[in-house]
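**Student:** If you scroll down you'll find the structure; I have some questions about it.
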Amino acid sequence: MKFGQLLKETLMYEYKYSYVNYDKLKKEIKRRNDQGGWSEEDESDFVELLEKELDKVYSFQKNKSAEVMERIRFCEEQTDEVVRRLDSDNPPNENDFAILETELTDIMATVHDLAKFSELNYTAFYKIIKKHDKHTGWILKPVFAARLNAKPFFKEQYDLLVVKLSKLYDFVRTRGSPIKGDSAAGGTQQNFVRQTTKYWVHPNNVTELKIYILKHLPVLVFNPNKEFAREDAAITSIYYDNDDLDFYLGRLEKREGAEAIRLRWYGNMDNNNIFVERKTHREDWTGEKSVKARFPLKEKYVNAFLRGDYTVEEAFAKMRKDGKKSLKEIESLERLAKEVQYTVLSRGMKPYVRSFYERTAFQLPGDARVRISLDTNLSLIREDGPSRAGNNWRRMDIGIDYPFDQLPDEDIVRFPYAILEVKLQTQFGQDPPEWVNNLVNSHLVEAVPKFSKFIHGVSTLFYDRVTLLPYWFPQMDIDIRKPATHTFIQGRSQSGTHSSSVSANVLTDSENTPIHADGDNYVDEESRIGSSSTRNDNSTFQTSDSFQELDERTNLLDISKRKGRDSFVAALNSRLKDIKDSFFLETVPKFEEPTEPTVIYEQKYVSPPGKRIYVPVRVEPKTYFALERTYLDYLRYSILMGSIGITLFSFAKTRSGILGAASFTLVALFAIFYSTFLYLWRAVNIAKHNAVRYDDRFGPTAICVITFAAISANVILNFNA
């Protein structure tokens, strides 16, 4: 389907006169080219026409955003009036709340439509400029990028609107009685299960996702008495590692006890409260859960603490004096601080990677049953080296001024997607809420089990120093957008086609080639970021690595397992078609030409020279039980053969009888030593997730042969005697 036709079918009817006149611009290029080539005057006229279209789109988007803010302010006034009437003689009735809810729902739809409006016009400008540069021979792309940056309708941030709408909608939905959190919700410590999964969200779907979630969960605001500002959502972490990248490898390979140490702060750089955190990975077979622990530390003491000059006793002296925490809690924090300090000093840890993102958290205050966080504008920055941090624990030449344009390309990776994390706490056998099911099974998200910002940062920023890459590494060059599976927000689209379902086609050219841009060009910024994040100039890999089915350590939903990882399987294996008994579904976007999908998935990936893709393998606890059962079966056989040998030896009166008894005893000893060696070898390889053969091709046959030999020898010796 041509983009012009697609634009007509997916635009909002109410906004149709404010869209880019794509057909007019396209015809203008064709008409002037047909008249004898493209002259300087033609270029000037076309740029002027393009400027008018940009002014039209930018003015409409700006005015519409102001209108939305005004409508929200009006709803806030109406809500304040309802609050005042709650305890009066004339309390609000159901109709008052229904009117407010209808208005808020309409505002949400408007915000959603505005986001889609910006997305579609952004794509239209890209398409027409690409067509211009291709057919005229004049390069307009870099020049017009500056004009777009001056009128950035496509960079509108809706976070403030989402927070305001969340607060209002939560009040109206609960009819003036906001639900208070229950810290014990979900069961006691003995009968509930925690489940966590991570997803990628394409930027085009972020606004729709936020609006859908806030209809069920309010945005968690830690300081409701303060007006929300963008810096309130900023979270910055400094990850530490040593020169051998041991902590990176440990976290990537999911080694038992693997640690990650980071220093984190919230908001601006002038925040004096730093949190030192340690994440420890635990394997399922240990019966323990992975844990994250942290303790606070003032910024002025961080350098001294990391050098060992500032002792743990000094760090917690004030906390002991204040008495706000129990002695047991303080001792636990001190023990953690000592362990972290010892690890940093003994293993030569230094700052390596900084992660920055803006987090929107959705949760009922104090209620841990459903917790959702969405991290946007994720940036991973090099923190190592004297030219950056020197002797300081963090570099000071940057703050939270995303997108950090002052940094060179080799120092930063701007992650192309938002990160959605869903945490559930439910009783055993209890299903998650239906709306959560709909969310994680929808086209808005792409499941990425065990995704790690630290691992991705090291693997991209230090690409030349690592040999193992995370399993999602090849996925970075594949468009994760999928056809719409649910209509979460009822917008004003003229047709029933959901704009996010066409995005994968819109942003892919007719030759099925992904869009990439260079330099400061505005065009398809997320594709530029994604492609540059690999730190590899060769788009074609050379050394083949086979990929097995991906699995995640903690499964959120059975259905999510089938649908959520669809494009991973399509990318890592062959394109799946007409599979009925598989866990995955095909999600190649198709419109009028189903035989020619506009998103192409590679049938096979090969890793770069000298690199290997590490695919996580889940080891079920029953694997160890099966290993133990096999070992016990061998021991049972050994006991039987040993008992026979000892019995024969007890009644042996002749030399042949003693030799016969000895043959059974030797068989028993051989079985004990062999089975013990095999058990230990298998246990070590399973714990290390080594890709070796675990079947015993020779052991059972050898046992049968020597058993037959022992019996035969005993018969022959007794017959001769």
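Heads up, the Cβ atoms here are built off N, Cα and C, so glycines get one too.
So Swiss-Prot lists these for the protein:
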type     : residues                                               : note
ACT_SITE : Lys453                                                 : active site
BINDING  : Lys198, Arg262, Arg264, Lys279, Lys292, Tyr357, Arg359 : ATP binding site
DOMAIN   : 1-146                                                  : domain 'SPX'
REGION   : 490-547                                                : region 'Disordered'
TOPO_DOM : 1-631                                                  : topological domain 'Cytoplasmic'
TOPO_DOM : 653-657                                                : topological domain 'Vacuolar'
TOPO_DOM : 679-697                                                : topological domain 'Cytoplasmic'
TRANSMEM : 632-652                                                : transmembrane segment
TRANSMEM : 658-678                                                : transmembrane segment
TRANSMEM : 698-718                                                : transmembrane segment
**Student:** Work through the binding-site residues one by one (Lys198, Arg262, Lys279) and point out the residue whose CB has the fewest other CB atoms within 10 angstroms.
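**Tutor:** Taking Lys198, Arg262, Lys279 as the binding-site residues, the minimal 10 Å Cβ count falls on Lys279.
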**Student:** At the level of the C-alpha atoms, what whole-angstrom distance separates Arg264 (ATP binding site) and Lys453 (active site)?
**Tutor:** 13
**Student:** Might you list, by sequence position, any residue in that chain lying six or more from Lys292 (ATP binding site) with a Cβ less than 8 Å away from its Cβ?
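**Tutor:** Result: Glu277, Arg278, Lys279, Thr280.
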**Student:** Can you check which residues sit near Tyr357 (ATP binding site), meaning Cβ under 8 Å from its Cβ, same chain, 6 or more apart in sequence, and list them in order?
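**Tutor:** The list for Tyr357 (ATP binding site) reads Ala234, Ile235, Asp375, Thr376, Asn377, Leu378, Ser379, Ile419, Lys453, given in order along the sequence.
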**Student:** Whose Cβ, among the recorded positions Arg359, Lys453, has more other Cβ atoms within 10 Å than any of the rest?
**Tutor:** Lys453
**Student:** Across all the protein chains here, work out how many other Cβ atoms are within 10 Å of the Cβ of Arg264 (ATP binding site).
**Tutor:** 16
**Student:** If H, G and I count as helix, E and B as strand, and all else as coil, what does DSSP give for the residue listed as 'active site'?
**Tutor:** helix
**Student:** Can you tell me how the residues of the topological domain 'Cytoplasmic' (679-697) break down into helix, strand and coil by DSSP?
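**Tutor:** Across the topological domain 'Cytoplasmic' (679-697), DSSP assigns the residues as follows: 9 helix, 0 strand, 10 coil.
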**Student:** Hey, does DSSP put Arg262 (ATP binding site) in a helix, a strand, or just coil?
**Tutor:** strand
